[in-house]
Amino acid sequence: MSRHAADPVVVRAPYQKFDVIVRRSEIDGHGVFAAEMIPPRLKIGEIRGEAITCAEGRRRAASLQRIMIVEVSPRTAIDASKSTDPMRFTNHSCQANARLAIIAGRIEFYSLRGIEPGEEITVNYGETHHEGKLRCRCGAPNCVGAL
Ligand SMILES: [Zn+2]
């Protein structure tokens, strides 16, 4: 992949399989955008974080606004709030082009279809701690309207 000198330098961790860029999103805050073509059904990357108990995860989720905690087993959760992995900025969409998968205690992202360079990568969060109190701005025709 050729780059111009002015392009941002992307440092890719070994578990990040495709180049992505984090920038402002129309959906919410920052989002993750494909920097190259991502074919369907492939691993895009992972989020690493601090392993904690699910009880501690729920305690932290109750006290903080911007938080990313994923329960990876009945006992263990990953707090990725301080993670520097780009995939932690993945926004929700009701018509997502990727999915989140918990595999062997890891938080992994897989493409559901081909994702074009410049397209925002989104997943369907499903049940979140917001319990339907956060308005969804994904803009999909089938948007359920709340998270
Ligand atoms: Zn929506």
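If you go along the chain as it appears here, the first residue is 1 and each next one adds 1.
Glycine is treated like the rest: Cβ placed from N, Cα and C.
Straight from TrEMBL, the features:
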| type | residues | note |
| --- | --- | --- |
| DOMAIN | 18-126 | domain 'SET' |
| DOMAIN | 132-147 | domain 'Post-SET' |
Using DSSP, how many residues in the domain 'SET' (18-126) fall into helix, strand and coil? 14 helix, 46 strand, 49 coil
State the mean pLDDT for the domain 'SET' (18-126). 92
Using DSSP, what's the helix, strand and coil tally for the domain 'Post-SET' (132-147)? 0 helix, 2 strand, 14 coil
